[in-house]
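Right, one structure below, let's go through it.
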Amino acid sequence: MTPDPVSSAISNLQKLIHDLLLTGSMSGGNHSGVTEFVLLGFTHLQELLFMIFLLIYITTLVGNLGMIVLIRTDPQLHTSMYFFLSHLSFLDICYSSSVTPKLLSDLLASRKVISHSACLAQFYFYAVFATTECYLLAVMAYDRYVAICSPLLYVISMSSRVCAWLVTGSYLAGVLNATIHTGVALRLSFCGPNVINHFYCEGPPLYAISCTDPTINEVVMFVVVGFNLLVTSLTILISYTYILATVLRMPSAAGKHKAFSTCASHLAAVTLFYGSATSMYSRPSSRHSQDLDKVASVFYTVVTPMLNPLIYSLRNKEVKDALGRVMERKNSSDR
């Protein structure tokens, strides 16, 4: 359960972003009178894309909800590793749901519009969940480091209280990141074209149609996103460097195989997430091909949340064994 002071901090940050949005809507930052945007999205093969994205979204919901239920119902999965994994599944549901339902409705709509306030809200919540996942993946790497490199101290180092604080810190980082980006976005005014060449409200496409010079926004995004990626990727890199050194010193092949198999799923998830994120945010947006950005965004926001539960279930023996136990209990109860 989240400690009271941290819960209070989250509530205060959420109140701050609410006040910022309210202030921005009442101030001159958006004096232009533009009250809605048109999301250009995908203009070809819309019916086919609708069916594909709908199937992916359903798979995302079923896979991640199934992972959460499995972890909650199987006592042998009540460890810090699976505690973090259940939060990863929750985040995959949340940040996919901040984008995909609107994408699906727009693929069937003749007029693909989103209000200014809804656009900012989507931008905010997407940033919260994506950044939180970024930090949670780093926390999971640290958890693997402690488990493999300091197994005797694992129970103390990764107690339930420590795990709760690490997860809470990840959520706070997400809220803070989203508050910064959304707060800076409130300075933008829109007085001309209102067509966003994207399928959701994301920073760079918004900056491209702003009448205000977006240099500050681009610099803030480059610095803050760069900081987030640097801190979390370094944590992951250092953790796995120590893990690799420890595994190579293990005398038995069985021990090495078990350690590598434990880390393989997490490494695959990290590669998917950071690879697509880096391709989107590694350069200023004005130099990007926006069509290529849309393709990268599909992988980042739609495909990756679907693949994570598949990766962790197919490559993880403990998850497969837990699923087998649940199925056995269900079959026994049906007899």
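Glycine is treated like the rest: Cβ placed from N, Cα and C.
What TrEMBL says about this one:
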TRANSMEM  48-70  transmembrane segment
DOMAIN    63-312  domain 'G-protein coupled receptors family 1 profile'
TRANSMEM  82-103  transmembrane segment
TRANSMEM  123-142  transmembrane segment
TRANSMEM  162-180  transmembrane segment
TRANSMEM  219-247  transmembrane segment
TRANSMEM  259-277  transmembrane segment
TRANSMEM  297-315  transmembrane segment
Query raised in the report: For the transmembrane segment (162-180) against the transmembrane segment (82-103), do we get 3 or more Cβ-Cβ pairs below 8 Å once near-sequence pairs (under 6 apart) are dropped?
Result: yes
Query - Selection from 48-70, 82-103, 123-142, 219-247, 297-315, the stretch that has most Cβ pairs under 8 A to the transmembrane segment (259-277) - result: 297-315
Requested in this report: Please give the sequence-distant neighbours of the transmembrane segment (297-315): residues at least 6 beyond its ends with Cβ less than 8 Å from one of its Cβ atoms.
Outcome: 53, 56-57, 59-60, 63-64, 66-67, 85, 88-89, 92-93, 95-96, 99-100, 103, 126, 130, 198-200, 202, 261, 264-265, 268-269, 272-273, 276-277, 280, 323
